[in-house]
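Heads up, the thing below is written out as structure tokens.
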Amino acid sequence: MRIEKDKELMNILKIMAPGTPLREGLENILRAKTGGLLILGDSDQILKLVDGGFKINSEYSPSYVYELAKMDGSIVLSSDLKKILCANAQLIPDSSIPTFETGTRHRTADRVAKQTGAIVIAISQRRNIITVYKGGIKYVLRDSSIILARANQALQTLEKYVAVLDRVVNNLNILEFKDIATLFDVVTAVQRSEMVMRIVSEIERYICELGNEGRLIDMQLSELIKSVEEDGILLIRDYCRSNMEYEDIYKQIQGLSSEELLNLDGLSKIIGYTGVPLVDTLISPRGYRMINKIPRIPSNVIENLVANFNQLKCVMEASYEQLDNVEGIGEARAKAIKNGLRRLREQIMLDKV
């Protein structure tokens, strides 16, 4: 459900993450301080720009790439990264393509990437950095230790944000069962949920860039967030105006800037409440989020329940017979729903104490 930002960049980072044969070859060139220019792709459009060099047509290996980079020209790899096609080749892109790069190697890489849409990697001999180009994208690969430090810092921040979200949601749970939740409580929970998901997106990018070195970070992340996004979406479904699509609302919230996300009035407008006081407006949940917490209740049954009763309070007050009349709910499921909601309420009230 998250909008896939920088999807192309994420795919590039996966290809050359630490632990991959390509990254190993790049690191070898970097350590040797020879510099290098690699193009990933063997389409006719790319091969038309290749002039001279040696036809290698050999299986890819990090050590082969390292040895071939000692020559001045560029190295052309196949699209699947399984073969080295040629080495010591000269790339001749269209010189009218604008570029703001300075070094010859980087100017060529930028132009070839813009002209062909292929991934081109320039390794600087003096600055000792790896720069990746694709279309209009330019990205400097960072050392794993730097990314790891940033990922750990982001995890610590996430931990604090999740703790605040838990407090806000637990408070909302109590208010929902008492049917005294206000627009302020709801919008605060939506805001906090989105804040957490933004940090998660940042950590996921670090994990992608770390490759096999990011496994522990990934495990810690999974443990921390569990069902945060799902609960956030159900929260929107519980409280948005009935004539609005919850998916569109979720996308709108994701599109907000950091400053806009801090504006609770703006968030309340997005979920359909315009010109009403946040603290004084009482709203009742439909029950999607709470009923979802009851085990073994299918989503179609939850949809039918909400369509029939429209409010969590009405579901809780309904008799076994009234629940039984809902499509997909028999006597056993009616008991499971009643008992499940009762246990949930008791648990939430105990947590408060």
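Glycine is no exception: its Cβ is also placed from the backbone N, Cα and C atoms.
Taking all protein chains in view, 22 other C-beta atoms sit within 10 angstroms of the C-beta of L91 (ATP binding site). According to Swiss-Prot, the ATP binding site annotation covers G73, L91, T104, R105, H106, R107, T108, on the basis of sequence analysis.
Using DSSP to sort the residues of the domain 'DAC' (6-144) gives these counts of helix, strand and coil: 46 helix, 41 strand, 52 coil. Summarising the annotation, Swiss-Prot assigns domain 'DAC' to 6-144 and lists sequence analysis as the type of evidence.
In the predicted structure, the domain 'DAC' (6-144) carries a mean pLDDT of 92. Same-chain residues at least 6 positions away in sequence with a Cβ under 8 Å from that of T108 (ATP binding site) are, in sequence order, L37, S74, L91, P93, A122.
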